[in-house]
Amino acid sequence: MPSSTHPVERFSFSTALFGMLVLTLGMGLGRFLYTPMLPVMMAEGSFSFSQLSWIASGNYAGYLAGSLLFSFGAFHQPSRLRPFLLASALASGLLILAMAWLPPFILVLLIRVLAGVASAGMLIFGSTLIMQHTRHPFVLAALFSGVGIGIALGNEYVLAGLHFDLSSQTLWQGAGALSGMMLIALTLLMPSKKHAITPMPLAKTEQQIMSWWLLAILYGLAGFGYIIVATYLPLMAKDAGSPLLTAHLWTLVGLSIVPGCFGWLWAAKRWGALPCLTANLLVQAICVLLTLASDSPLLLIISSLGFGGTFMGTTSLVMTIARQLSVPGNLNLLGFVTLIYGIGQILGPALTSMLSNGTSALASATLCGAAALFIAALISTVQLFKLQVVTS
């Protein structure tokens with residue numbers, strides 16, 4: 001029976017809200033709350049810039065390890081998805097709370113590594129669970145938009161705390177409490193087993209729009225390209241001359257993610273995923289470059305809107321293409337490209353830490369990130385040109 005007439009469609013709003021909450025907690029807070037917290041912890045003198053960069057890389061390494069671990073079939077048995085998702089959500093909340101102890105550097109690094117594993121679990125188990133209940137593109141867009149909502153919520157939460165002179169320790173404690181409330185909401189909104197739909201094989205197109213390994217390289221470059229800005233934007237924007245803009249810039253990124261997730265999936269349905277991915281990567285590369293104009297408030301606003309509106313769109317478009325490609329053997333391409341993306345994310349902050357300290361390191365790393373995105377866009381452009389030649 002077509003999914004449009006399947007009873008699950010009556011529950012799509014509930015499922016969309018559930019998916020949004022999954023990534024609001026798992027990614028928006030679990031991963032990206034660290035972005036507005038980094039300048040706070042640095043200003044308190046708890047850690048050096050280099051240490052904070054390695055802590056960021058540790059989180060991405062944990063995410064990479066979690067993506068690899070949870071790609072095994074043993075974790076995807078229907079009876080295990082719900083317990084694993086709730087366990088990942090509980091771990092995310094507890095690990096956020098653990099940051100309030102302000103332990104030594106090595107323990108903070110370990111906490112953020114484990115938080116990365118938990119974030120990967122929430123993304124993988126949450127998205128798999130949703131795909132078992134609906135195939136509606138609105139729900140998939142809502143899932144990814146949760147990242148933006150979490151980013152905006154987390155940044156405004158930190159700003160409100162700083163207004164009342166709260167320490168980073170108190171801010172982490174409050175974030176842990178907020179995570180607990182989200183965990184309760186997730187439990188209440190969990191899709192019922194009886195509404196699961198029949199699994200369908202991945203749709204493979206006869207005309208392969210690109211090789212599977214080329215998509216993996218492209219996505220790895222995108223992971224490296226975006227992560228510098230996603231980690232250090234509030235720190236990079238301190239020279240903008242507008243404290244109000246500097247404070248809310250990361251919120252602007254988060255809010256622009258939401259329409260971006262819906263917009264790119266709509267565009268892909270109309271014009272195709274590969275042309276949209278090409279445009280997405282080009283816009284993202286330009287916006288990453290524009291963040292270097294940190295003394296221009298207007299350019300920072302434009303770059304933040306464009307950056308936020310594209311980087312989660314990259315993920316949704318790559319996942320759409322990956323589901324259409326043939327792969328050798330039993331390779332799980334969705335898991336593999338996520339793995340390569342994770343490697344790119346680790347290398348970004350690690351490179352920043354190795355270059356030097358402060359703004360000079362950020363500028364150099366940002367240029368490298370923009371170059372990686374331009375190369376990814378070039379790969380996509382070449383494949384699009386080849387496809388047009390073949391089909392003409």
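Backbone N, Cα and C atoms are what each Cβ position is placed from, and that goes for glycine too.
Here is what Swiss-Prot records for this protein:
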- 13-33: transmembrane segment (TRANSMEM)
- 55-75: transmembrane segment (TRANSMEM)
- 91-111: transmembrane segment (TRANSMEM)
- 113-133: transmembrane segment (TRANSMEM)
- 138-158: transmembrane segment (TRANSMEM)
- 171-191: transmembrane segment (TRANSMEM)
- 209-229: transmembrane segment (TRANSMEM)
- 248-268: transmembrane segment (TRANSMEM)
- 273-293: transmembrane segment (TRANSMEM)
- 298-318: transmembrane segment (TRANSMEM)
- 331-351: transmembrane segment (TRANSMEM)
- 362-382: transmembrane segment (TRANSMEM)
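For the transmembrane segment (298-318), the most Cβ-contacting stretch among 55-75, 113-133, 171-191, 248-268, 331-351 is 248-268 (pairs under 8 Å). For the transmembrane segment (171-191), the residues of the chain that approach it from at least six positions outside its boundaries are 11, 14-15, 17-18, 21-22, 24-25, 29-30, 33, 37, 40, 82, 85-86, 89-90, 92-94, 96-97, 99-100, 129-130, 132-133, 154, 157-158, 161, judged by C-beta separation under 8 angstroms. Within the same chain, the transmembrane segment (331-351) stays apart from the transmembrane segment (91-111): fewer than three Cβ pairs sit under 8 Å, each pair at least 6 residues apart. Highest Cβ contact count with the transmembrane segment (273-293) among the listed stretches 13-33, 55-75, 91-111, 209-229, 362-382 falls to 362-382 (criterion: pairs under 8 Å).
Between the transmembrane segment (362-382) and the transmembrane segment (209-229) there are at least 3 Cβ pairs closer than 8 Å, counting only pairs 6 or more residues apart in sequence, which means the two stretches are in contact. Of the ranges 91-111, 113-133, 138-158, 209-229, the one with the most Cβ pairs under 8 Å to the transmembrane segment (55-75) is 113-133.
Sequence-distant neighbours of the transmembrane segment (248-268) (same chain, 6+ residues past either end, Cβ-Cβ under 8 Å): 28, 35-36, 137-138, 140-142, 144-145, 147-156, 159, 233-234, 237, 240, 276, 280, 300-301, 304-313, 316-317, 320. Taking pairs at least six residues apart, the transmembrane segment (13-33) and the transmembrane segment (138-158) share three or more Cβ pairs below 8 Å and count as touching.
Panel annotation: around the transmembrane segment (113-133), residues 8, 11, 15, 18-19, 22-23, 25-27, 30-31, 58-67, 69-71, 75-76, 78, 81-82, 84-85, 87-89, 91-92, 95-96, 139-140, 143, 191, 195-197, 199 of the same chain, lying at least six beyond its termini, place a Cβ under 8 Å from a Cβ of the stretch.
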